[in-house]
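Scroll down for the structure; my scribbles are underneath it.
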Amino acid sequence: MDNQFPSRKGPCFCSFRYVLALFMHFCNIVIIAQRMCLSLTMVAMVNNTNLHGSPNTSAEKRLDNTKNPVYNWSPDVQGIIFSSIFYGAFLIQIPVGYISGIYSIKKLIGFALFLSSLVSIFIPQAAAVGETWIIVCRVVQGITQGTVTTAQHEIWVKWAPPLERGRLTSMSLSGFLLGPFIVLLVTGIICESLGWPMVFYIFGACGCAVCLLWFVLYYDDPKDHPCVSLHEKEYITSSLIQQGSSTRQSLPIKAMIKSLPLWAISFCCFAYLWTYSRLIVYTPTLINSMLHVDIRENGLLSSLPYLFAWICGVIAGHTADFLMSRNMLSLTAIRKLFTAIGLLLPIVFSMCLLYLSSGFYSTITFLILANASSSFCLGGALINALDLAPRYYVFIKGVTTLIGMTGGMTSSTVAGLFLSQDPESSWFKIFLLMSIINVISVIFYLIFAKAEIQDWAKEKQHTRL
């Protein structure tokens, strides 16, 4: 049976925990901006008229424009530069998941964010030295950003009352959805007016400013924070009594491997990032093939799904908490409902995009809905691990994120293979494969998912390897 949480309400939107969630929202916007900006500035950085006539060296660049130096990097080198940040993020997930329960989150996130921002500032200089150095910089950024994105889940183990987990986590994580929309809007303007190096300087400086505020605002334990009212401290502490101490014990690896609810979460994370990556990475390609618009209009249209995904993500978290606070559905039912919506609706709207869209507006509408509806998973499987095992939440998030990233990388590769082999029927094959993966994941989740603390995650357990 689901946990029964205290129904009394504490201070809400004027409370410090919501200030913290909003701050993490902006922090995640900065992180995703630093991650994405190279993909957009690469258009200005590369000499597209001479990709095959010169070797891949940064020394061979146009000297007539010091504000916008241009390099002769082949598409292969560009691909390595693009992917290098994901290798760093991929490698760090499980180590960060483990040490987050041991070391200070304030120091871990703060130093990682500062290093990522510092590297961003030095990327133009690295590009001038050689493509090897920019690859190294991006790997380091992947490691530091992977640290921030995974370790931040530990914040809500101590700061989020059970009845507010959905809205607090969705508020903070939705920064990853709004960030791309902002980046797509401002990066082109900065490149044209100030030069592409200023993109890295600006986002790096923003990261340093956010890092400074982080060290001032955040405390690992709300009980120690001087700006949190006594009433709010008591509310948070009393609401978290049922989950027990958050002190890390030895990891119950065997119990985790045997846990079907954890496997259900893992499958859904794989399906979510498969869907999200396929929809986001290939949205510009799909728009170009269906609407044949110019690149500037394509960029604007491609940014709209991010905006609506952000709106849906925030709505999902608030709605999930509303249903739970009113006892309208059990927590397990809520998690299953939002996961099913987030994985099944993209299938419906993607098929509508292929077979029912007959004009510009219907195509864009179905495209936005297919992207945005996946954000309902923020109220479902994506935060379900916090219900099952608060003590090991960040470690589990590291593992499930690693599994999900595998789905994301595989999705892009498979979609590329389909598009290169059979452009005529490729989109149907891509959507069909996504449908199969999502449906299987939802069925498994509906059968095995739970939302109460598992026996192996309770304080009395001392399961060892």
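Every residue, even glycine, has its Cβ placed from backbone N, Cα and C.
Keep in mind it's a predicted model, so treat the numbers as computed, not measured.
Summarising the annotation, Swiss-Prot assigns N-linked glycosylation site to N47 (among others) and lists sequence analysis as the type of evidence. Classification of N47 (N-linked glycosylation site) by DSSP places it in coil, neither helical nor stranded.
Here Swiss-Prot flags N56 (among others) as N-linked glycosylation site, drawing on sequence analysis.
Residues of the same chain lying 6 or more positions beyond the ends of the transmembrane segment (79-99) and with a Cβ under 8 Å from any Cβ of it are 35, 38-39, 42, 73, 108, 131, 134-135, 138-147, 149-151, 251, 394-399, 401-402, 405, 409. The transmembrane segment annotation in Swiss-Prot covers 79-99 (among others) and is backed by sequence analysis.
The transmembrane segment annotation in Swiss-Prot covers 109-129 (among others).
For 171-191 (among others), the entry in Swiss-Prot reads transmembrane segment.
Taken from Swiss-Prot, the feature transmembrane segment applies to 198-218 (among others), supported by sequence analysis.
For 255-275 (among others), the entry in Swiss-Prot reads transmembrane segment. Away from its own ends, the transmembrane segment (255-275) comes close to residues 339, 342-343, 346, 374, 377, 380-382, 384-385, 388, 392, 396, 399-401, 403-408, 410-411, 434, 437-438, 440-442, 444-445, 447-450, 454-456, 461, 463 of its chain (Cβ-Cβ under 8 Å, at least six residues beyond either end).
Swiss-Prot lists 304-324 (among others) with the feature transmembrane segment. Beyond the ends of the transmembrane segment (304-324), by six or more residues, the same chain brings 5, 163-171, 173-174, 177-181, 184, 279-280, 283, 331, 334-335, 338, 342, 364, 367-380 to within a C-beta distance below 8 angstroms of the stretch.
The transmembrane segment annotation in Swiss-Prot covers 337-357 (among others). Remote same-chain partners of the transmembrane segment (337-357), defined as residues 6 or more beyond its termini with a Cβ less than 8 Å from a stretch Cβ, comprise 268, 271-272, 275, 279, 286, 290, 316, 319-320, 329, 363, 365-367, 369-371, 373-381, 384, 427-428, 431, 434-435, 438-439, 441-442, 445-446, 449.
What Swiss-Prot lists as transmembrane segment is 363-383 (among others), and the listing cites sequence analysis.
Look at Swiss-Prot and you will find 399-419 (among others) tagged as transmembrane segment, backed by sequence analysis. Remote same-chain partners of the transmembrane segment (399-419), defined as residues 6 or more beyond its termini with a Cβ less than 8 Å from a stretch Cβ, comprise 86, 89-90, 93-94, 97, 149-150, 265-266, 269-278, 281-282, 285, 385, 426, 429-430, 433-434, 437.
Proximity of distant same-chain residues to the transmembrane segment (428-448), defined by a Cβ-Cβ separation under 8 Å and at least 6 residues beyond the stretch ends, is recorded for 260-261, 263-265, 267-268, 270-271, 274-275, 278, 282, 336, 339-340, 343-344, 346-347, 350-351, 354, 381, 407, 411, 414-415, 418-419, 422. According to Swiss-Prot, the transmembrane segment annotation covers 428-448 (among others).
Counting Cβ pairs under 8 Å to the transmembrane segment (198-218), the stretch among 109-129, 171-191, 363-383 with the most such contacts is 109-129. Every protein chain shown contributes to the tally, and the Cβ of N47 (N-linked glycosylation site) ends up with 16 other Cβ atoms within 10 Å.
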